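Residues or ranges marked as domain 'HAMP' by TrEMBL: 168-220. Under the heading domain 'PAS', TrEMBL lists 228-259. The domain 'PAC' feature in TrEMBL is assigned to 284-338. Residues annotated as domain 'GGDEF' in TrEMBL: 370-503. Taken from TrEMBL, the feature transmembrane segment applies to 7-26.
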Amino acid sequence: MSINLKLALPPLLGLVLIILLLQIYWQPMQLEKAKSTFEKHTHALLLLGEAGIIQNLLERDLGALFAGIEHLENSDQTRWKNITLYNDNGKQLYPIFKRNPEKIINNNALILITHPLNIQGTPLGRLEFDADWGREKLDVIENINDVRNMVILLVVLSLLISTFSQYRIIYRPLKRLGIGAHKIAQGNFNVKLPATAKDEIGELTDSFCLMMEELAFQKKSLDEHAIVSATDRHGVITYVNNKFLDISGYTREDLIGKTHRVITSNTHEAAFYRNMWETITRGDTWHGAMCDMKKTGENFWASSTIIPFLNAQGVAERYMCIRTDITDQKLAEQQLRYMANHDSLTGLPTRRLCKENLSTAIAIARREKNKVAILFIDLDGFKAINDTLGHEAGDLLLMSVAERLALSLREADTVARIGGDEFLIILNDINYPQNTTRVAQTIINSLAQPFTLNNNIACISASIGIALYPDHEQEPEALIKRADEVMYAIKLQGKNNYAFPEDLK
């Protein structure tokens, strides 16, 4: 129900109530008062004319008595019908014969009048007749109708004036406020509201304008620093701010009417998005870091908050997503993780990352019933080169060794620097030990080739200890330790060689 109808309803109910009061209470009351006045007037007339009737009764002149009564009955002035005269004993004197009841006039304009006839307090009898007050009654009803119509007209005019005033003073300003609120809800803050009177509606309008200015300021601040988008309950994009367009590289035409799959990258698994949708569809706010894709194909990271807007039934009907660009932060984190897990000189994984990769490789091998090989490599002659040619040459030698080791392996294998001149290689998916020996021999041959270090030629060799999962050890640390022990045994036996634990026995 509109507020306009709500404002008009009380006056309409008041009008109906007034009409009912006039019809049910006031009109019958006025008729009853007029009837009582008519009866008093009739008795007054009888008092003026009863002397002749009393005299005829006392003289027992029935002819004159009947003639007088008939004159009263047939007079247009009195309009008295069915006059009956009774003596003091209640005997009917006139008319001599009782009238047929069916011939008595039946009219709601007739009033039964009973008038006592007395002389000096002594009752002589009574007159009874039907007095016709139809003319008076019609006059009263006409007056009542005139008054009632005038009251109704005044009430209707008051209602029209009140309704028009309410429309101008209340309904129209509230309607404008409603239109303004709807525009603001759609993100349009360019709303102009006309000045209003200094009353409660004016105060409400002023407060609304202040609220709109504050919301516009907040939106501007948000748009300058946050990536904002809105969708319907199906995830179809209905709004994006300029920051969203600047970051993603898309236009509004590219995005409006589409879903966020337009910018989805392949970074997250399906379970990630499933959890997100389960959270927001049950009415909860979702927070998380999300990687999306620009129009150029480049990924960007955003700290995202998705807020559901619920209807009266508690069901989400639209969503707003507020993102903050954290791409630089993510890149810095990735860089820190890389630096923490990779050797700064050679770029190879450190011992920590190597152990993580080894744990993963063993888990896969355990599931697929394959083998994993560990090659623990120590460079022979590195210390002499580092001492004679200097640390710079030693660093160049380590970088060159890292390159040759990488070239000797498959892409799925891992090579890591775990110490000064110690390297660790993980060979995945090994079916036969012979596959490991071929790799070990390739490494020995590659490292046996001379290295050019700042116009100096340097030669080294390598001692390689080999351990297999699950043949020699079951756990990553134990497997590394076993390969390390084999490597030291080789160095004691002459260096520049490789061996398995069983070879030492």
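Placed from the backbone N, Cα and C atoms, the Cβ positions cover glycine too.
Unlike curated entries, TrEMBL annotations are predicted automatically.
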Counts by DSSP class (helix H/G/I, strand E/B, coil) across the domain 'PAS' (228-259): 11 helix, 9 strand, 12 coil
Composition by DSSP (helix, strand, coil) of residues within the domain 'GGDEF' (370-503): 61 helix, 41 strand, 32 coil
Other parts of the chain folded back onto the transmembrane segment (7-26), taken as Cβ under 8 Å at six or more residues beyond its ends: 144, 148, 151-152, 155-156, 158-159, 162-163, 166, 170-171
Region pair the domain 'PAC' (284-338) / the domain 'PAS' (228-259), three or more CB pairs under 8 Å: yes
DSSP-assigned states of the domain 'PAC' (284-338) in counts, ordered helix, strand, coil: 12 helix, 30 strand, 13 coil
